[in-house]
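A.B. asks: What follows is a structure written as structure tokens; I'll ask about it next.
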Amino acid sequence: MKVGIVGSGMVGSATAYALALLGVAREVVLVDLDRKLAQAHAEDILHATPFAHPVWVRAGSYGDLEGARAVVLAAGVAQRPGETRLQLLDRNAQVFAQVVPRVLEAAPEAVLLVATNPVDVMTQVAYRLSGLPPGRVVGSGTILDTARFRALLAEHLRVAPQSVHAYVLGEHGDSEVLVWSSAQVGGVPLLEFAEARGRALSPEDRARIDEGVRRAAYRIIEGKGATYYGIGAGLARLVRAILTDEKGVYTVSAFTPEVEGVLEVSLSLPRILGAGGVEGTVYPSLSPEEREALRRSAEILKEAAFALGF
């Protein structure tokens, strides 16, 4: 099975490397305006495959995306230190206007997996440009924020993060919503589990975890310029869900007819992901405060997309 990645920068190359380690694809094609960069990353990653799985990693052109089951869109300009994801919008929408038609010309049946920030608005841009059904344009959304939330809860509770079920919804960015009210550990409500574990969550603990999730990207960008390992692993996991028709539930971004009264907006909700992309949405139970926060997040994203005409 073939997977394409458009954009061979830090996120695109990290995704290709994660795919090689997972071994879910048989061929990964890197496409970039800088052909030497794509070739260098492809060659370097190919040399890792003897230690992992037999994956053919190569650089190519848009035409080489023919037959791809999924294409990751990681093309765009990098986020600057202190720059919000929404501030990237004007600079990256123009990139997609060139990229999306060329991808679909070569791979008209592919699921488009959007990684470029601000990812929720760029998902809406890609959806409008593509003319595809909403489910076939999937943004990485808050998968990484959700992973951070679960990891920090697990660290506090001293349990495996795989046993923590908690979501971050809405924008992948400043207005994201951490859903505390329905969080569970091993099927037990979070606060009940924390008490039984002797690791009660004080207001200070909650504030620390909230800050840890919400500000993680800014801290990483300040320290090393960009985030790529975490999101690369997350994108590879989404590709695996598509290629294997997994039907797992992930907090990915997709065009949504209505969210808390806000119409036609792309944002993250728990969604069932399979071979055709998003196959359904699982709307979680929310507290009144979380519902209002999700509505505000949806409005922010709606306004940003509307300003561009999308």
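For all residues, glycine too, the Cβ spot is worked out from N, Cα and C.
What Swiss-Prot records for this protein is below:
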type	residues	note
ACT_SITE	His172	active site, proton acceptor
BINDING	Val11, Asp32, Tyr62, Gly76, Val77, Ala115, Thr116, Asn117, Ser140	NAD(+) binding site
BINDING	Gln79, Arg85, Asn117, Pro118, Val119, Asp120, Asp145, Thr146, Ala147, Arg148, Thr227	substrate binding site
BINDING	Arg150, His165	beta-D-fructose 1,6-bisphosphate binding site
MOD_RES	Tyr218	phosphotyrosine
A.B. asks: Compare the C-alpha of Gln79 (substrate binding site) with the C-alpha of each of the recorded positions Arg150, His165, Tyr218, and give the closest one.
C.D. replies: Tyr218
A.B. asks: Whole-number Å distance between the CA of His165 (beta-D-fructose 1,6-bisphosphate binding site) and the CA of Val119 (substrate binding site)?
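C.D. replies: Counting only the Cα atoms, the answer is 23 Å.
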A.B. asks: For Asp145 (substrate binding site) and His172 (active site, proton acceptor), what Cα-Cα distance in Å is obtained after rounding to a whole number?
C.D. replies: 7
A.B. asks: Just the number: how many Å between the Cα atoms of Thr116 (NAD(+) binding site) and Ala147 (substrate binding site)?
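C.D. replies: Cα of Thr116 (NAD(+) binding site) to Cα of Ala147 (substrate binding site) measures 18 Å after rounding.
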A.B. asks: For Arg150 (beta-D-fructose 1,6-bisphosphate binding site), what residues in its own chain, 6 or more apart in sequence, show a Cβ-Cβ distance under 8 Å?
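C.D. replies: Pro161, Val164, His165, Ala166 - these are the non-local Cβ neighbours of Arg150 (beta-D-fructose 1,6-bisphosphate binding site), listed in sequence order.
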A.B. asks: Do me a favour and check the Cα-Cα span between Val11 (NAD(+) binding site) and the residue listed as 'phosphotyrosine'; whole Å is fine.
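C.D. replies: Rounded to a whole number, the Cα-Cα distance is 16 Å.
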A.B. asks: To the nearest whole angstrom, what is the C-alpha distance linking Val77 (NAD(+) binding site) and Asn117 (substrate binding site)?
C.D. replies: 9
A.B. asks: What does DSSP call Ala147 (substrate binding site) in the simple three-state scheme?
C.D. replies: helix
A.B. asks: For the NAD(+) binding residues given in the record (Val11, Asp32, Tyr62, Gly76, Val77, Ala115, Thr116, Asn117, Ser140), what is the largest pairwise C-alpha separation in angstrom?
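C.D. replies: Farthest Cα pair among residues binding NAD(+): 22 Å.
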A.B. asks: Distance between Ser140 (NAD(+) binding site) and Asn117 (substrate binding site) at the Cα atoms, whole Å?
C.D. replies: 10
